[in-house]
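Undergrad: Below is a structure I'd like to ask you about.
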Amino acid sequence: MSKQIEFNETARRAMEIGVDKLADAVKVTLGPRGRHVVLAKSWGGPTVTNDGVTIAREIDLEDPFENLGAQLVKSVATKTNDVAGDGTTTATVLAQAIIKGGLRNVAAGANPIALGAGISKAADAVSEALLAGATPVTDKKSIAQVATVSSRDEEVGELVGEAMTRVGHDGVVTVEESSTLLTELEITEGVGFDKGFLSAYFVTDFDSQEAVLEDALVLLHREKISSLPDLLPLLEKVAEAGKPLLIIAEDVEGEALSTLVVNAIRKTLKAVAVKAPFFGDRRKAFLDDLAVVTGGQVVNPDVGLVLRDVGLDVLGTARRVVVDKDSTVIVDGGGTQEAIEGRKAQLRAEIEASDSDWDREKLEERLAKLAGGVAVIKVGAATETDLKKRKEAVEDAVHAAKAAVEEGIVVGGGAALVQAGAGLAKLRSELSGDEALGVEVFTAALSSPLYWIATNAGLDGAVVVNKVSELPAGQGFNAATLEYGDLIADGVIDPVKVTRSAVVNAASVARMILTTETAVVEKPEESEDDGHGHGHGHHHGHAH
């Protein structure tokens, strides 16, 4: 495959055009008065969204050099989404502003390496300043405010606040589609843990990259499962029962895993294999907890329960299981209420009796998982398109609320970034030459999210940025009411984790593009067989 190569300014200029195309598509959605973007799908109806990462994922450009720039900025959105679950539009807008400011200076002769170093130092300083100035979030009202800002919907904010408060810090909040028009909250018995599927072939919902099993059977196994003859008799019984299967074991590998994958691809048996969390005695104890929740037994050769001989009676059940690459949630296990309450009482007694802080902490974690349950937010809407958009908004709101509980909140509406920029003057004075210039480029870029929030609200962005930079900390511009004031009191707040991720990821990608000297892409094939193409088309003409 032959390649095309571009150098220096030409390469960077083409990448900048790609960056602009992607960022310009995303930034119209920023802020409470942001607009929507309509995405045509190759199948089904169009999707209407204002979620930055959803838009970014859909964009691939025709020009391969421009596409390099677009894909690099897309990685800012996806990485911010993976870490914080929100803030993708802010990250994209920041990256664009840093890249544009940086490239202007590189074109004028600045050293890209020194410029990049200055940008990184400024990003780290802002990230630390944001964390230091964050307000912890503990009460339901603050959580609801964060979720409201993320979803632009007070009802969703209230539901997420209620859900997070009910299941506690260690509880699990999941989002499902409802068959009714209402969006409502259900608290169910259930448990979640931080281990995902062992193969991406188990995914059943490609949009969310999750494996979802409804009315599932659950096999809990204390040891590794690698031999197919051991697993096959049980798989045949499960296939006859016509139900999906969740396998949680120390590990699933070799023939056993490849058979499950082949069945998943052929859709002959819906099964998902997951590694049991923790190690040693903690893993054994957690599997026993899961057995109580699902109403099953742990297959354990030590007590005479051998995988080859077990029937369906040993398996647990669950109304719904959701597995992604990092986590598993079991909702409405088949265990009886008495058994679960008994297990909780036993754990409480062990906590009382324990004289080791470490053991007590681990027992409390297990109790929280059992007692917390799972909050399910069922999202309803009038049309399929509306439902998708609303479900996306609720998922973002849940991520934002979790991030807020983790690291606290800062003022929203782009004000925290503008005000953090004011603190960079000291850093700039400590640096010299192009590094100091990098800090300047970064400081100027920090106002871009606020600029676009104001512009999308129909105001002059530059005027609003100027005014906010003169306001005391905690004050800013509320684009929903078009007024200046105390943003925390108004509930215009962002999780600091989201804002920090946006800053750090944007700076990292901008630095990559600024220091690019050569771009290599594959040469498009069409030009080579143009002649054949025409002949082929001509031939078809005759066939008709």
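Quick reminder: no glycine exception, Cβ is built from N, Cα and C everywhere.
Keep in mind that what you see is a predicted model, and the values were worked out from it rather than measured.
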Undergrad: Select one of Gly157, Gly413, Gly421, Gly423: the residue that Swiss-Prot places in the ATP site alongside Thr29, Leu30, Gly31, Pro32, Asp86, Gly87, Thr88, Thr89, Thr90, Asn478, Ala479, Ala480, Asp494.
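TA: Among Gly157, Gly413, Gly421, Gly423, only Gly413 appears alongside Thr29, Leu30, Gly31, Pro32, Asp86, Gly87, Thr88, Thr89, Thr90, Asn478, Ala479, Ala480, Asp494 as ATP-binding in Swiss-Prot.
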Undergrad: Can you see whether DSSP assigns Asn478 (ATP binding site) to helix, strand or coil?
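TA: Where Asn478 (ATP binding site) sits, the three-state DSSP reduction gives strand.
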Undergrad: Which residue, out of the binding-site residues Thr29, Thr88, Thr90, shows the minimum number of other Cβ atoms inside 10 Å of its Cβ in this structure?
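TA: Ranked by other Cβ atoms within 10 Å, the binding-site residues Thr29, Thr88, Thr90 bottom out at Thr29.
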Undergrad: Out of Gly31, Asp86, Asn478, Ala480, which of the binding-site residues is least crowded by other Cβ atoms within 10 Å?
TA: Ala480
